[in-house]
Structure formats: C-alpha cells, structure tokens
Amino acid sequence: MPLLDSFTVDHTRMQAPAVRVAKQMRTPHGDPITVFDLRFCVPNQEILPERGIHTLEHLFAGFMRDHLNGSDVEIIDISPMGCRTGFYMCLIGTPDEARVAAAWSAAMEDVLKVVDQAKIPELNEYQCGTYQMHSLEEAHEIARAILAHGVGVNKNAELALPSDKLASL
C-alpha cells in the first residue's frame with residue numbers, strides 16, 4: 001500500500017490549533033489544488049467530541065466559504081479527520097496559511113453567533129446521516145478554544161519524518 005502524505009509528518013511534534021499545507025497538486029488543466037490540515041487538537045493528547053465535531057462540520061464548511069472563497073480560491077470540501085483532531089480542507093487556489101488562519105478564526109466567531117440548534121444547516125433526517133448526533137454547546141466550546149489559543153502554522157519541513165524513521169515504523 002502506498003504511504004499517504006499525511007503519514008509522513010511527525011504527529012508528536014504538531015502544534016494545535018494550526019494550519020498546515022498538507023498537499024499541493026494541479027488538475028489536468030493546470031489549476032492549483034491545495035489540501036490544508038486544519039489541526040484543532042494536539043494529536044494523541046486531545047480529541048474533538050463526536051457531537052461537537054459533527055455540528056462543527058455542518059457550520060464550519062459554510063462559514064469558511066464565506067471568509068475564504070473569492071476570485072482566486074474556491075473551497076471544494078471540508079471534512080473531519082477520522083482521528084477527530086481536525087479537518088481537511090481541499091480547495092482550488094493557493095492561499096497562504098495566514099489567510100486560511102484568519103478565515104478559520106472568523107468562522108469560529110460565526111459559530112459562536114449560532115445560538116439555536118434549530119439553525120444548524122441540514123440538521124434533519126433527509127440531509128444528515130446521523131441528524132440526532134449534534135451538540136451546539138460542544139461546537140461552541142471548540143470555537144471558544146480555537147479563539148482563545150489563536151491559530152498557528154505547522155510547516156512540513158519541521159514535521160517531516162526522516163526516511164530511516166519511516167522505514168522502521
């Protein structure tokens with residue numbers, strides 16, 4: 001099985017909350033695609049609660065589009081990581097980490113403005129696979145924690161696992 005890019009970085013040295021360019025590539029027509037690691041929690045030390053991350057998934061994707069999409073950027077998808085320590089964001093364009101961090105912080109402010117669980121988008125059995133597994137309170141706690149800590153930057157060069165270490169794992 002090929003080694004995926006996300007497993008070539010040292011998770012024991014990741015900071016959170018932090019933005020990291022996880023991958024860059026081009027479409028067959030030459031358009032740039034960037035995948036960002038939006039790390040909410042320090043790996044193997046913290047984990048996002050399932051109801052909170054699910055609610056955040058419904059809110060975060062729209063709010064990030066409000067703050068980041070423009071003439072040079074279009075978000076394709078934002079999805080939670082299986083390890084529940086953050087989200088992956090795939091987009092067309094090459095915004096720098098500072099721009100993504102600012103959009104992320106603004107999106108967290110927007111999450112805090114949602115005060116009624118009934119206002120969570122797509123919160124129904126027709127549009128959500130587990131529509132009863134939500135917690136606006138947990139989403140608010142996550143947003144407050146991000147804003148309290150501020151969003152930093154993780155750099156691949158600083159997190160790269162040496163080839164001898166990768167070979168031994």
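Even glycines carry a Cβ here, placed using N, Cα and C.
If you check Swiss-Prot, you get these features:
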- His54, His58, Cys128: Fe cation binding site (BINDING)
List, in sequence order, the same-chain residues at least six positions removed whose CB sits under 8 Å from that of Cys128 (Fe cation binding site)?
His58, Glu122
Near His54 (Fe cation binding site), which residues of its chain come within a Cβ-Cβ distance under 8 Å, counting only those 6 or more away in sequence?
Pro80, Thr130, Met133, His134, Ser135
By a simple count, how many Cβ atoms lie within 10 Å of the Cβ of His58 (Fe cation binding site), its own Cβ left out?
19
Name them in sequence order: residues not among His54, His58, Cys128 whose Cβ is within 8 Å of the mean position of the Cβ atoms defining the Fe cation site.
Thr55, Glu57, Ile120, Glu122, Leu123, Thr130, Tyr131, Met133, His134
